[in-house]
């Protein structure tokens, strides 16, 4: 349906029975934009995987899919059956349990124990072995 609206079909059954499918400029533009967004999404996914574990990335992707389902229900009034609704709620419950267990296993350090705060408490005194503040300085 979409490709029929965004394309031009030249020729007809009367012209030797052959027809030629030529995409319109709008179709090519939409495909180019779609490819660009897919490329950017892939790059951001790889960068995100550098920051978090693969399991956390996978859980986040599942939440994204469930939220997209419910956004489509609210925005476009799509019908969702009771089994699908229960499945998305089970997914969200599982994600909440995962986050709860993750926080219990690895509690976040308090602000007072942060190494950055300790370095600030030295009142600017630095070891000679530490990195210079300005990396471009050749001194």
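Backbone N, Cα and C atoms are what each Cβ position is placed from, and that goes for glycine too.
Just so you know, TrEMBL annotations are computer predictions that nobody has curated.
Annotated by TrEMBL as transmembrane segment, the relevant range among 1-20, 21-40 is 21-40. Confidence annotation: the domain 'Sugar phosphate transporter' (30-99) carries a mean pLDDT of 91 in the model.
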